[in-house]
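Visitor: As annotated in TrEMBL:
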- 14-21, 82-86, 136-139: GTP binding site (BINDING)
- 5-260: domain 'Tr-type G' (DOMAIN)
Amino acid sequence: MTAHATRRTFAIISHPDAGKTTLTEKLLLQGGAIHLAGEVKARGQARRARSDWMKIEQQRGISVTSSVMTFQKDGITFNLLDTPGHEDFSEDTYRTLTAVDSAIMVIDAAKGIEPQTRKLFEVCRMRSVPIITFVNKVDREGRSPFETLDEVADALALDVVPMAWPVGLGGTFQGVLDFATGLVSRPEGDSREFLGKREEMALPAEVADEVELARGGYPEFDLAAYRHGDLTPVYFGSALKNFGVAELIDAIARFAPPPRPQQSDQGEITPDRADVTGFVFKVQANMDPQHRDRIAFMRMVSGTFKRGMKLTPSGLGKPIAIHSPILFFAQDREIADTAEAGDIIGIPNHGTLRVGDTLSERNDVRFTGLPNFAPEILRRVALKDPTKTKQLRKALDDLSEEGVIQVFYPEIGAQWIVGVVGQLQLDVLISRLEAEYKVEAMLEASPFDTARWVKGSDGALKDFASFNMGNLAKDRDGDPVFMARSAWDVSYQQERNPELTFSATKER
Ligand code: G4P
């Protein structure tokens, strides 16, 4: 087997409180990656309160080690990428999902599909990311498994295939039946946890009926349909009590795809390609406020990376030697010696690497499909102390590089505009401006409602600019952006300027 065939790079998508943190911890424990139960948990609890979450995020060291968690089991290397757990959406979340090959969708057995689950699912669907479903908390009272299965099938338009079945829920919970083996994982001891006891058991009559119906009423598992994103195998379990976790790891190892080919300007790049290519999907700045260092997270697409190798970032044009790459073994950062397609490496740098950059040995390829999204909320940034303009500009450039915000510099006037996808990003912006750049800023209503990247010939752009200077801005890269007062404004300009394109996303 080639090395990359042993890689499984995935994320967990869920609504807050469904049990993502608990499940993450259990997966890492089973993979031997953490020894202290509770480490991941502590982070989850802190995150729940917004203010705490920001404090934690400001102590960058904590979140960076947990952005990527690597563990190994039975010869397979699992790379679990963390998606921010809060309710507001950020581009960070979208982008992380561009770097995975599959996802686990965690659903609370009592609540079913919740809004955040659905949004994240839509992003996975856009990219045909295959999904394994884990219905969590079966040790508690919940809905009938049929209801949950039908809801997933209807709400997400997916074929569902139950792979296991809870023997009772809540008070009547007696274990989880694995359809493949016919064995029931049984609770033991006072805590009623799963400690490894699997046995045949006579099912209570109503559960036996359910199982018969379930086994007859849903399609057979079909690997190709799952990998295509049309079908989801469904596991039932309890992250807290450890039911179904081993089965889930096994399912990822057996079914989830190894590294997939990635789209580029040269067509698909497959993991078999010999030379190293990859792309940056996340940048985390200011991990140490004393040194303005950053870590760029690169998803390897092809080749075998070796420490000290020279790679050329598409944004820079000249090669950089990567001497101290970071691999992420759960809580401990380790210096990477080699990495394969599917792996994530952290590259310390001083701002040379940006989200969306391609890195390659031969500098002959650009990955596509890592978009900037049109911001849904625009605000003008006003300074409390006007002498801090330089610091503000630096901060806005840095934070937009990280993907926390987008920034637009209008052609006329000095008031810079920031754009975000979710409200929480604005809170993070203000708090980080203060904490990391000592800049006190206020956000004011913006005269604009939405932004579109404008493309066209130099002549057409110049014509357009001469009539619309008041609505033009540059983004961080200096590319022209049309700031619109309304969606109507956008379609009006599009109609009047057929030679220009106005796009809601900017692919780098
Ligand atoms: P999140 O990361 O998706 O937000 O969820 P998290 O794992 O933090 O879990 C949310 C709550 O659900 C926690 O309870 C957790 O203990 C509980 N939980 C997770 N999995 C299960 C399960 O399989 N069964 C049961 N019964 N509960 C589960 P909490 O009360 O908020 O925290 P704690 O005080 O119990 O630690």
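Glycine is treated like the rest: Cβ placed from N, Cα and C.
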Visitor: Give the mean pLDDT for the domain 'Tr-type G' (5-260) on the 0 to 100 scale.
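Guide: Mean per-residue confidence for the domain 'Tr-type G' (5-260): 85 out of 100.
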Visitor: Near ligand 1, which of the binding-site residues S14, T83, V138 have CB less than 6 Å from any of its atoms?
Guide: S14
Visitor: Counting other Cβ atoms within 10 Å, pick out the least crowded of the binding-site residues S14, T83.
Guide: T83
Visitor: Name the secondary structure element type, per DSSP in three states, that contains S14 (GTP binding site).
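Guide: Assignment for S14 (GTP binding site) reads strand.
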Visitor: Test of understanding: give the count of other CB atoms lying within 10 angstroms of the CB of V138 (GTP binding site).
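Guide: Step by step: centre on the Cβ of V138 (GTP binding site), count other Cβ atoms within 10 Å, giving 28.
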